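What follows is a short report on a single structure.
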Amino acid sequence: QFLFVVTFSTFLLCCVEYDVLFANRPLNHSQVPAPERSKVTLPDAILPAPQCAQRIRANGWVIFLLVMAAVFWLYRLVKVLCSLLSYWEIRAFYIKALNIPSDGLCNYSWQEVQARLISLQREQQMCVHKKELTELDIYHRILRFKNYTVAMVNKSLLPVRFRLPLLGHVVFLTQGLKYNLELLLFWGPGSLFQNKWNLQPQYKRAGSRLELAQRLARTMVLLGLANLLLCPFVLVWQVLYAFFSYTEVIKREPGSLGARRWSLYGRHYLRHFNELNHELQARLSRGYKPATKYMNSFTSPLLTVLAKNVGFFAGSILAVLIVLTVYDEDVLTVQHILTAITLLGLVVTLARSFIPDEHMVWCPEQLLQRVLAHIHYMPDHWQGNASKSETRNEMAQLFQYKAVFILEELLSPILTPLILIFALPARALDIIDFFRNFTVEVVGVGDICSFAQLDIRNHGNPQWLSAGQTEASVYQQAENGKTELSLMHFAITNPRWQPPPQSELFLSHLKEKVQQDAAAAPPAQRILAEGPLGTSLLS
């Protein structure tokens, strides 16, 4: 894709004669038969290869951009080749050690693969530092850096929330910013980790925290300046890639920009500790339809009236143009008539997307509870306030329009350097303290985030636990019950896992409470009949 975008963009810039293509300049048709002289074919507008090459050589900026693109592509090629070697080793390990053939891999669940890996450790001692591997050890190895990131988002350590004039509270976390944060903290030159499994020793000592924070702040500013230097090139790439990716989709389905997706911030906010990518994706996919219905339950009467009128006017003009083209196809040869028909079709489709279904009956509280059943996390002040616009706006930070996602990614090359230079250095000391206070060394696994141990005594939230079950201070506890919910999710996903005694006691109390509530609950028919959803259905 990268090669195609670069090559095609260069071709469009240097190898097309647009005056000929748009018929602004007549062609010399002296050697062409008379009946064909008025026609301009596509080859007429494409320059010959020598002339095209001469144009490219004469443009210094194009040469410079092509050299930069070639360097980046060679870097990507080396990374892909290294990844292929790793994938080949993984393939051999699956076939020879786990006895899982390549063609049958799609028929195995992750739990089955994991069980074979644990069994193989008992037989061959792949990990020499401990006799047996547990499910938690395997998750810790795979999700070492992910757990740190989830914990930092949970503790509001990363500067991704801003208050802007006119816009109010906004969240900004893009792929570019995420890449820079991972480069800075985990695997880049000068990062906090000395390899893939160990934090650098000096970051574990409190004595030099101020010096380390100053060094990290300087690295943040330097990385921000490097991003600022590369901003024009990254911005050009983002614009070209977005244009080639989304233009055809928008033309075919204009309403696709009004579709929603889980934001990158939402994926980190809603992610449990020790939750693999496919587990998170499955959970959020189950919550997609309820979340869409909840967000669509908010309608603006003024916007609906405007959309109906705009749709009526645009549809009327479009209908006349369509009738004229059916009556006489020569209408299509009129300049810009196809452009007008296409744009009017887009306007009609967009207007319809703002008109709610008049036959639908919405119950925001019921819908938000359905969403919560899948996403598992919800601020306390949402409870009972599902119909308020403030709740919807906060939900929109987790579940954003696709158009907003595209706009954020386009703005990322400009805003990411500013965040790295001005917002992130102020958090350097907090980040240094976080990695020192919440890193533990596990034999056979390496350094991991202590929140990922699912230890409710050290990181539990008192609102979720009985008295005496946790010793965690406000600084040590995870927010929104993430430790407890992550523990429940991991225990359900891995039923053979043996949790620590304190965690096992919490889970047993929870099971008893659920069974008591289920036994005391009224029949489902009565709940349906008494609830607002049941009332509207039975009316």
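Quick reminder: no glycine exception, Cβ is built from N, Cα and C everywhere.
Among the features that TrEMBL reports, signal peptide is placed at 1-23. If you look at the signal peptide (1-23), the same-chain residues 6 or more away from its ends with a CB under 8 A from one of its CBs are 40, 44-47, 52, 55-56, 59, 62, 66, 69, 72-73, 76, 237, 240-241, 244.
Annotation comment: TrEMBL describes 58-78 (among others) as transmembrane segment.
Tertiary neighbourhood of the transmembrane segment (219-244): same-chain residues 1, 5, 8-9, 65, 68, 176, 180, 183-184, 190, 406, 409-410, 412-414, 416-421, 424-425, 428, selected by CB-CB distance under 8 Å and a gap of 6+ residues from either end. Sequence annotations record features per position, and here TrEMBL assigns transmembrane segment to 219-244 (among others).
TrEMBL lists 302-324 (among others) with the feature transmembrane segment. Below 8 angstroms of C-beta separation, residues 331, 337, 340-341, 344-345, 347-348, 351-352, 354-356 of the same chain, each at least six residues beyond the ends of the transmembrane segment (302-324), sit close to that stretch.
Under the heading transmembrane segment, TrEMBL lists 336-355 (among others).
Annotated transmembrane segment per TrEMBL: 410-429 (among others), in sequence order.
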